[in-house]
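*Asks:* Under the heading domain 'G-protein coupled receptors family 1 profile', TrEMBL lists 44-293. According to TrEMBL, the feature transmembrane segment maps to 28-53, 65-90, 102-123, 143-166, 201-228, 240-264, 276-295.
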C-alpha cells in the first residue's frame, strides 16, 4: 500500500480478482475444462491462420479477414484465460493496478476490433453476393488491407481515450473485483473519485464500436437476403447462402452473448449469471469460431486435406 499525503487515504497498488472462489470444490474440474478450451481455441485459430497463409487458393478477401479474426481470437483469449487459470489452480488472485488496466485495455480494444472486423466481413459478403461482377474490382487487396488496418487502429485508439481517463482515477479501497478479469464496470466501481465523465466517454465509445457495426451488419444481410430471394433456382439460393452462413452464425453468437452479458441486471444476485455469460464470449465463442468456419466450408476442407497429404513438417 502507498499513502497519499494530501488526502490521508491509502491508494491501492493491486487488486484481488475473486474469480470463482465461491465454488472452491470445483477448482480442479474448472481448471481442466478451461485449460482444454484454451488449448482448443489457440490451436484451432492458429490452424486457420496457417491453412490460409500456406494455401494460395485461399488468398482471397474473405479468408484475409478470417485470418485477422482468428489472430484476434488468439490474442483475445490469451489476454484473459492464463490469468484466470492461475486464479483457479494456484490461487494467485492479485493483479497490479497497471496490469489490471492493461488487461482491460487489450480486452476492450480487441472486443471492439472484432465488432468492426465482423462488419467488414459482412460488407465483403454483400459485395460478393449482391455485386458479383464488380466484386474483384471493388474488393481489391489494398482496400482489404486498409479496412483491416483501420479496424485495428481505430479501436485501439478509441479504447485508449477511456484508458487515459481510467489512469487518472484514484483507487483507494476496497480492492476486490468480483470477476475473473478486469472489466470496466467492476473496475470503475472501485474508484473513490467522480467517475461520471469516464463512464460517459466509455459508454459513447463502446456504443460507437458495437452499435454502428451491428447496424452495418444488419443492413448488409438485409440486402443479401433480398438478393438471395431473387435467385430463381433453389440450388443457387442455397449456394449463395452457404457463402455467408458461417459468418452470420459467428455474428449471432458474438452479439448474442455480448448483449446478454451487459443487459442482465447488475444486482449481486445476478453476478453468477454475468460471469457465466462472460465465459461465453471470452472462452466459448473464440473456440467455436474456427469450428463454425470449417464445418461447412469446402475450401477449408480441401486445404486441410491437401496439407495432410503432404509430408510432415509442411508448415515449417
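First residue shown is number 1, and so on along the chain.
Cβ atoms here come from the backbone N, Cα and C positions, even for glycine.
Curation does not apply to TrEMBL; its annotations are automatic.
How buried are these features, and what lies next to them?
*Replies:* Proximity of distant same-chain residues to the transmembrane segment (65-90), defined by a Cβ-Cβ separation under 8 Å and at least 6 residues beyond the stretch ends, is recorded for 17, 19-20, 27-28, 30-31, 34-35, 37-38, 41-42, 45-46, 48-49, 52-53, 103, 106-107, 110-111, 113-114, 117-118, 120-121, 124, 144, 147-148, 151-152, 180-181, 282-283, 286-287, 289-290, 293.
Away from its own ends, the transmembrane segment (102-123) comes close to residues 62, 65-66, 68-69, 72-73, 75-76, 79-80, 83, 95, 147-148, 150-152, 154-156, 158-160, 162-163, 166, 181-184, 187, 205-206, 209-210, 212-214, 216-217, 220-221, 244, 247, 250-251, 254, 258, 281 of its chain (Cβ-Cβ under 8 Å, at least six residues beyond either end).
Sequence-remote contacts of a segment are chain residues at least 6 beyond its ends whose Cβ falls under 8 Å from one of its Cβ atoms, and for the transmembrane segment (143-166) they are 61, 64-65, 68, 101, 104-105, 108-110, 112-113, 115-117, 120, 123, 184, 187-188, 197-198, 201-202, 205, 208-209.
Same-chain residues lying 6+ beyond the ends of the transmembrane segment (240-264) with a Cβ under 8 Å from its Cβ atoms: 111, 114, 118, 121-122, 125, 128-129, 210, 214, 217, 221, 224, 227-228, 231, 270, 273-274, 277-278, 280-281, 284-285, 288-289, 292-293, 295-297.
Packing against the transmembrane segment (276-295) from elsewhere in the chain are residues 34, 37-38, 40-41, 44-45, 47-48, 66, 69-70, 73-74, 76-77, 80-81, 111, 179-181, 183, 246, 249-250, 253-254, 257-258, 260-261, 264, 301, 304: each is 6 or more residues past its ends and has a CB under 8 Å from a CB in it.
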